Amino acid sequence: MKQILDFIPLIIFFALYKMYDIYVATGALIAATAIQIVVTYALYKKVEKMQLITFLMVAIFGGMTIFLHDDNFIKWKVTIVYAVFAIGLTVSHVMGKSAIKGMLGKEITLPESVWANINWAWVGFFTFCAGLNIYVAYQLPLDVWVNFKVFGLLAATLVFTVLTGGYIYKHLPKEQNGQSSDVPTDE
């Protein structure tokens with residue numbers, strides 16, 4: 001349910017962009033993201049930091065897009081959000097606390113080196129996506145950028161999440177990955 005709730009603002013943005021324009025879509029994105037935060041809190045009594053950061057960026061850059069009637073701001077929002085996530089993961093690692101471990105470490109037991117590898121992989125992913133967004137936003141037409149933002153980045157994130165899950169599974173203790181500790185493995 002929560003994952004579906006996370007995609008609703010993006011779907012609304014895409015639909016209204018196709019029906020109207022970037023400015024109507026951006027206004028709807030701001031409103032839908034605000035409603036998403038309220039609904040998330042009502043259902044789960046908690047809102048994650050990533051959601052709050054995303055909302056703040058949507059409100060600031062979306063507001064500037066509408067107020068100044070300049071779609072460059074909403075294009076930059078994507079890059080800045082990914083950059084903030086990459087910087088946040090880097091800073092948390094340097095300070096000795098893996099943000100990803102903080103999110104998943106209660107359910108999953110992994111060696112510190114594996115958490116560090118996952119952290120750096122996501123830093124690389126977010127950095128790559130931030131740069132790719134700038135390229136697509138300024139080298140290709142607005143329609144292409146909207147499709148890239150909605151479908152390309154979503155697909156890339158889902159694929160990277162699955163790859164991360166595979167990496168995690170590979171490094172789980174035998175008890176957590178469904179294998180009995182007395183069953184021989186091919187290691």
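Glycine residues also receive a Cβ, built from the backbone N, Cα and C atoms like all the rest.
Values in this document were obtained by computation on a predicted structure and should not be read as measured data.
According to Swiss-Prot, the features are:
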TRANSMEM  25-45  transmembrane segment
TRANSMEM  50-70  transmembrane segment
TRANSMEM  76-96  transmembrane segment
TRANSMEM  118-138  transmembrane segment
TRANSMEM  148-168  transmembrane segment
Going along the chain, which residues at least six beyond the ends of the transmembrane segment (25-45) come within the CB cut-off of under 8 Å?
-> 1-2, 5-6, 8-10, 12-14, 16-17, 51-52, 54-55, 58-59, 62-63, 65-66, 71, 74, 146
Taking the transmembrane segment (118-138) as reference, the highest number of CB pairs under 8 angstroms among 50-70, 76-96, 148-168 goes to 76-96
For the transmembrane segment (50-70), could you work out the same-chain residues 6 or more beyond its ends whose Cβ comes under 8 Å from its Cβ atoms?
-> 6, 9, 22-23, 26-27, 29-30, 33-34, 36-37, 40, 76-77, 80-81, 84-85
What same-chain residues lie close to the transmembrane segment (148-168): Cβ under 8 Å, and 6 or more beyond its ends?
-> 7, 10-11, 13-14, 78, 104, 108, 110, 114, 117-118, 121-122, 125, 129, 133, 136, 140
